[in-house]
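In what follows, a single structure is set out as structure tokens and then discussed.
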Amino acid sequence: MFRLDLLSDPLEQFKLWYDEAIRHETLHPDAMVLATADSKGKPSARNVLYKGISKGGFLIFTNYHSRKAHELDENPQAAWVFYWPKTYKQVRGEGRVERLTQEESEAYFETRSYESQIAAWVSEQSQEIPDREYLITRYKKYREKFQDDVRCPEFWGGFRLIPDRMEFWVGQEHRLHDRFCYLKENQEWKIIRLAP
């Protein structure tokens, strides 16, 4: 891969690679590892689902009572990684994080399937529960409560991950991989090549 192969905007470059991963029938191309840290710097990571790009950032949605949400509120910086084995490509991002507005979260919530909307009410994410039956009971309760329209819970919504650094990696023979890094400087993106 050559520098001239890259677009000047890393978000647009990401979209190209993401679409390529979809065309190659990658299993869960929208899965990304999100790394956060609490106010003391203790890190944690987990897979989340990427839900699009808006206003210069990657969108994710979660329960605001979850560990990730607490950490993003305490320390609004994050790192994230997409890896697509079928195309042998990886994209890394780092940057600041902001909560979406209630209106943005509700607009996305309305696009979710009925079952996913119910699940948002059911899961007390990251909290200890007694057993699986507890979840099933809650699921039945909320299906009964919301038989038609499911409103967006106040404790559920999105975050925008706004990168100031992004890295695009392509695996090559003999471990001579291609790595290009986009760095945001004075509101402009600078692109440099990194050693593998």
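Using N, Cα and C of the backbone, Cβ positions are placed for all residues, glycine too.
Keep in mind that what you see is a predicted model, and the values were worked out from it rather than measured.
When Swiss-Prot records Tyr108, Arg112, Ser116, Arg175, Leu176, His177 as binding substrate, the matching candidate from Lys15, Lys40, Lys42, Lys51 it lists for that site is Lys51.
Proximity note: of the listed binding-site residues (Arg46, Tyr50, Phe61, Arg67, Arg179), Phe61 have a CA within 10 Å of the CA of Tyr108 (substrate binding site), given in sequence order. Of the recorded residues, Gln90 (FMN binding site) and His177 (substrate binding site) place their C-alpha atoms 11 Å from one another. Among the binding-site residues Phe61, Arg67, Ser126, Arg179, the ones whose Cα sits within 10 Å of the Cα of Lys51 (substrate binding site) are Phe61. Taking every pair among Lys51, Tyr108, Arg112, Ser116, Arg175, Leu176, His177, the residues recorded as binding substrate, the greatest CA to CA distance is 43 Å.
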